[in-house]
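Note sheet for the following structure.
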Amino acid sequence: MEHALTRTSLQLYRDCMRLISHIAPGGSAKGTALRHQVRTSFSAHQHLTDPTEIETAKAGAVRALANFMLVESAGTDKTGGLQKAMKRFNERERPKDND
């Protein structure tokens with residue numbers, strides 16, 4: 001399978017739109033808002049020419065999709081295991097107060 005960051009911008013855009021159709025099928029308000037957000041984000045970056053900036057923008061899109069999927073899966077997690085794991089992770093990553 002191809003790594004997400006090696007996909008072309010067009011492939012990534014199509015993946016985003018395809019994912020939205022699975023998350024919020026039809027013309028729901030959620031689906032409309034997500035499609036608008038993806039279009040706006042890709043339009044804002046369409047004139048990038050520097051390969052590093054392009055890869056950074058693509059990585060941001062992949063990260064946004066991953067974060068959205070994480071939030072969606074947390075909502076369906078009946079045991080609360082995902083939420084507990086996220087809390088433990090955030091507590092570990094939070095800088096300690098030196099007071």
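The backbone N, Cα and C atoms fix where each Cβ goes, glycine too.
According to TrEMBL, the feature domain 'Complex 1 LYR protein' maps to 9-65. Across the range of the domain 'Complex 1 LYR protein' (9-65), the DSSP-based residue counts are 46 helix, 0 strand, 11 coil.
Residues or ranges marked as region 'Disordered' in TrEMBL: 79-99.
The compositional bias 'Basic and acidic residues' annotation in TrEMBL covers 88-99.
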Legend entry - Per-residue pLDDT averaged over the domain 'Complex 1 LYR protein' (9-65), given as an integer: 87
